Structure formats: C-alpha cells, structure tokens
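Structure, as structure tokens:
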Amino acid sequence: MTEAMKITLSPQPADARWGEKATYSINNDGITLHLNGADDLGLIQRAARKIDGLGIKHVQLSGEGWDADRCWAFWQGYKAPKGIRKVEWPDLDDAQRQELDNRLMIIDWVRDTINAPAEELGPSQLAQRAVDLISNVAGDRVTYRITKGEDLREQGYMGLHTVGRGSERSPVLLALDYNPTGDKEAPVYACLVGKGITFDSGGYSIKQTAFMDSMKSDMGGAATVTGALAFAITRGLNKRVKLFLCCADNLISGNAFKLGDIITYRNGKKVEVMNTDAEGRLVLADGLIDASAQKPELIIDAATLTGAAKTALGNDYHALFSFDDALAGRLLASAAQENEPFWRLPLAEFHRNQLPSNFAELNNTGSAAYPAGASTAAGFLSHFVENYQQGWLHIDCSATYRKAPVEQWSAGATGLGVRTIANLLTA
C-alpha cells in the first residue's frame, strides 16, 4: 500500500485558479476539501467519489473539522465494489468513533450483501447472514426460526412458497426475535418485514435483460431492515423487536407459478396472479400476516417493490407510504436527523380497491385503468396488515441500488435507510 494521501477540510474557497466551482484543490501536502456551509456532507461525499476516480486508494483524513458524520460522508462516496481502499481515520472522541465503527460494520454489511452475486447469495444464505449479523451485536438476546421449502406450504405460507417453488433453491422464512427484556411474555414493540428476493427474473412475466441485470439486488429490503435492527441494537435498543425476512428466487421452471394461479393466504384472502413479476408483494403478504399477529405498536416493511417508485423518485429517495400521518411524520423526522432521503407518496383508501380480479378477491397487479403502480402495490399490502390505518409504514426502496456510478455514489448498493429506521426504533 502506498503512502496515504492527506485529506483536509477548509472553510475557505479554493484558489481562484481552480475555478469558482472547485470543491477541492491539490497541493504538496495533499488534497483540501473546501466547505461552503450549505451542503458540506454532500460536498465531502462527492469529493470522495472524485478522489477515488483519481485512483487514490489510501487516504488519511487529517486536520480539524472531521467528525463521525463527515467521516461517514467521505466513506459513502469513497467505497466501491471493486478494489481495496484504506482510510486512516482522524482522532474522534469515544462516542463518535463507536458510532462510526458501527456504521462501517453494519451499513457496509448491507451494501456488500446487496452487491453479492445471486450465485453466492440464495434464500438460505441470506437468512443465515442476517442471523449472523444480529447475533454478533445482540448475543443471547436473539432467538430465531428458519422455515423452508415444503414446510412453508404445510404451515400455510402460500405466497412465499408459490413464488419460490420454481427454483432449485428452496424459499425461506426467517423469523427472528430480539428480546432484550429476557421476558418471554414481553410485548413486541415493533415488527420489521423485508422482501428477500435473491434473484428476480420476473418469472413467466419475464423481464428484459436491461431490467433483469440488477436483480441480484431485489433482496435490498431484507438487507435494509436487517441492518436497521442491528444498528438500532448498537444504539441501545431496549424494546422487543421481531424481524421477518421473506426470501426466495423468482425463476422460470416447470414447477414455477403461472398467470391465473390463485393463492389462498392464512388470513383468508385469495389473490389471482396476473403478473409473476409482481412477486414481492406476494411474499411480503406472508410476513405481514405474521407481523400483525404479534400485535406490535409498529410495523415497518421494506422492499424493492415497484419500478413506479423509481419512475417517481429516481434512485435518490426511498418512497414512503402510510395511512398514519403522525407515524409517517416521525419517520420523515428521523430521516432528516440521519441525513437520509425519504419522500412520502400517496396512499389512500381507494388504492386498496384498484386491484380487481374476476376470480379472486384481489389481483396482484393493477390494470391499465389504475396506473399508480407504487400506490396500488402499497394498497395490496394493506390487505395483509390487520390494523393498516395505524402503526404501519411501507418503504418502497427506490434508493437502495444504483446500476451505474453517479457523482456521489459508486455503482451498486447505497445502504440508505438503515439509520433512519434505527433512529425511529430507538426514538
């Protein structure tokens, strides 16, 4: 490894010779980032991406002005899926260094897990990685159960079983219980439900290559809520929280589900499948039924659910849906505190009725007459939340993954959302 390039911060503008828009300058001592007080964290992240683009793989964050948030902003832009990068961190007080170390451990886990190729990360591997991460931070305060394959069908998890049965890799439900109270009868404060589709071909409603090439990341919701629980634990979470990960491949085979199939769920709902590429909501429904049965104060589900959310927000914001205005406001406040991008999109009672079927109570996709795809997907999920008008948040994870690099991110996973959910859990 070469000698470290020193990176310093300055509130002064760059020398005019660098141009009036220069955010960094280079001198004999290293590189100086010129902060303007308007968006310093974003400036640091974008500068770090440029520094990585110069091929500089060993840096030392030096001088005054560095804190955990600024160090983290640098790392968010500097980290990339290829190659090795080394950062020598500045001196921070114990609390700030612990916060930074926890972000590096947990959010990097989220990014690396989402970036992993589907060949290496199937449903069982995803569930086990989640168990390992949370057990590492929570120790004996965690218990879990893994249900897979035909056991899912026998126990009535028909959405997850139906979607996953077309793959040689069995579908898996992880039910994890973080109980710091030690009391088996303690009430469950919150349930987190994650979509863990480890590869999504679209099934018989097959995706084009341009839409399939990033579908190793379709388990981004599961990774995000797993990371959020782990991160909340490092921040002192003292309430009981349960995690449900619905993990499967969505592939084509002679045993794969087909258009026109009808799924009967444990809550009595019957769903006609008219698009096998709208599979995420089918597996989440099983997790939401289990979450509702716990009678928690709070249910949060997270999923890379719809292209419609990305059409609305790009990859810059996570989309938030809720009937509970006060709770939605709390999550948006948490997002602001953590400097993470969330945007609330519409969800109304009429969206619940925009999934008509001639053969079942619900269709798994809206018709051309109802084009608000992200809202109708949230409306579908609401049918599996017992008290959907209170205490439920749905996050459509449109900011989880980028197919190509941009000025502040490398290609791949971002890890956005972990801190916001953890903040809400520990508020």
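Here, residue 1 is simply the first one shown, and the rest follow in order.
Cβ atoms here come from the backbone N, Cα and C positions, even for glycine.
Taken from Swiss-Prot, the feature active site applies to Lys207, Arg281, supported by sequence analysis. Sequence annotations record features per position, and here Swiss-Prot assigns Mn(2+) 2 binding site to Lys195, Asp200, Asp218, Glu279 based on sequence analysis. Here Swiss-Prot flags Asp200, Asp277, Glu279 as Mn(2+) 1 binding site, drawing on sequence analysis.
Structure with Swiss-Prot features highlighted.
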residue : record                : Cβ neighbours (10 Å)
Lys195  : Mn(2+) 2 binding site : 31
Asp200  : Mn(2+) 2 binding site : 27
Lys207  : active site           : 15
Asp218  : Mn(2+) 2 binding site : 29
Asp277  : Mn(2+) 1 binding site : 19
Glu279  : Mn(2+) 2 binding site : 29
Arg281  : active site           : 28
Rounded distance in angstrom between the Cα atoms of Glu279 (Mn(2+) 2 binding site) and Lys207 (active site) = 12
Out of the recorded positions Lys195, Lys207, Asp218, give me the one sitting nearest to Arg281 (active site) by CA distance.
-> Lys195
Which of the three DSSP states, helix, strand or coil, fits Asp277 (Mn(2+) 1 binding site)?
-> coil
If you measure between the CA atoms of Lys207 (active site) and Lys195 (Mn(2+) 2 binding site) and round to the nearest Å, you get 18
Between Asp218 (Mn(2+) 2 binding site) and Asp277 (Mn(2+) 1 binding site), what is the CA-CA distance rounded to a whole number of Å?
-> 12
Between Lys195 (Mn(2+) 2 binding site) and Asp277 (Mn(2+) 1 binding site), how far is it from one CA atom to the other, in Å?
-> 14
By the DSSP assignment reduced to helix, strand and coil, which category contains Lys207 (active site)?
-> coil
